[in-house]
Amino acid sequence: MAVSLWQQCIGRLQDELSAQQFSMWIRPLQAEMDGDTLVLYAPNRFVLDWVRDKYINIINQFFTEQMGSNAPKLRFDIGSRPSARTVQPAPAAPRPTTGHTQTKARVGTAFNIQAEPMANANHRSNINPTYQFDNFVEGKSNQLGKAAAMQVAENPGGAYNPLFLYGGTGLGKTHLLHAVGNGIIKNNPNAKVVYMHSERFVQDMVKALQNNAIEEFKRYYRSVDALFIDDIQFFANKDRSQEEFFHTFNALLEGNHQIILTSDRYPKEIDGVEDRLKSRFGWGLTVAIEPPELETRVAILMRKAQESGINLPDEVAFFVAKRLRSNVRELEGALNRVIANANFTGRPITIDFVREALRDLLALQEKLVTIDNIQKTVAEYYKIKMADMLSKRRSRSVARPRQVAMALSKELTNQSLPEIGDAFGGRDHTTVLHACRKIAQLREESHDIKEDYANLIRTLSS
């Protein structure tokens, strides 16, 4: 009875949560009765803690509504339900014959393999050991991405296959790819994990065709345990590469081998890529990596300074983080310049010193992002009139873009709430605060608003 009610509870959660939240936290759970207790099994500690912290009240409320005082007790555990452990697993799809020990590749490509031991080393050589989960600075902007990546590292080929990470440049997607690779190799040193840029895949295929080595190319890519491809959007308009990757993708998934892809945009928005590929990109889990919010930018600067052996005052970190907002790479580059100048001049790192060291960068940023620029960009994006930003109209088609513009002004400029309100037709600062909170809430609940906000930040920060 309780287990069947759990299926109904899943339906309730699917209605109340976003598709991404449901896929990441609820779908992996398994349920089984143990006496008068319903045990929910999570695949790992991270999922267990998250569900218990975020969703336990919704689950308890549902069971109380349905069963009253007869509602079962709830307990969480890690692993799979005992009854499932006794079931013989279905045989994995046959893996393509690698032929590593018989065939020597004829070209100097990623698949130039002579023997199996060398193959293992070759597969792992491009996973950067410096990129770990421990040194990935987590914030609201990348929390789901990191959580999904950690689960893939623990259970490659499992629930999130493929995992598709998308967002602007310099936001940490590549860091997460390497962190997953390092996690997989730590758990299984013999795992064949390949990371590459999409252009490398194209180059390998072209060389294979030129050297009549296409079969070796296929064997190589279809025999790996995990394939991570960065910037998949560069497959656009490369028909033969897309054709080969389509078959590689299918072969890997049939064998339960992990695939992770990254792009600068949502899968369906990638122009020049076949629909059948874009559809497959969304088969697993798709997660947005957004520009870091202020607190995360500060944490990134403090972590980088600590790694460099530099004492960075809090007020300096906040000064830089409030002015440089586009991506992690820009933040780290700015800090490197500050550190180099400090080492060269012997001067202490103060706000005045940073203002001088980053003069050109700060001037460019302040010139690019203004409230007026934000209003024009948002109005154009939503196809409304610029005058609507200042008007008193309250229809959703106008009010929602106006709220988005206010939230962006709060995040991307140094203007105070009253100053932002003045720029939007003399509105009160409480109106701006309400808009910021409303958009923050909608970014959690609405995929469309989340996408719009991320797209606008990329446009304004480029």
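Each Cβ is built from the backbone N, Cα and C atoms, and glycine gets one as well.
A quick note: this is a predicted structure, and the numbers were derived from the prediction, not measured.
Quick look at what Swiss-Prot annotates:
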BINDING   GLY170, GLY172, LYS173, THR174  ATP binding site
REGION    1-84  region 'Domain I, interacts with DnaA modulators'
REGION    84-125  region 'Domain II'
REGION    126-342  region 'Domain III, AAA+ region'
REGION    343-462  region 'Domain IV, binds dsDNA'
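Within the region 'Domain IV, binds dsDNA' (343-462), the DSSP-based counts of helix, strand and coil residues read 92 helix, 0 strand, 28 coil. A simple Cβ count within 10 Å picks out one of the binding-site residues GLY170, GLY172 as the most packed, and that one is GLY172. Residues of the region 'Domain I, interacts with DnaA modulators' (1-84) grouped by DSSP class, helix first, strand second and coil last, total 51 helix, 17 strand, 16 coil.
Sequence-distant contacts (6 or more apart, same chain, Cβ under 8 Å) of THR174 (ATP binding site) comprise TYR131, ASP230, THR262. For the region 'Domain III, AAA+ region' (126-342), the model gives a mean pLDDT of 91.
Long-range C-beta contacts of LYS173 (ATP binding site), restricted to its own chain and to partners at least six residues apart, with a cutoff below 8 Å, comprise GLY145, LEU165, TYR166, GLY167, ASP230, THR262, ILE289.
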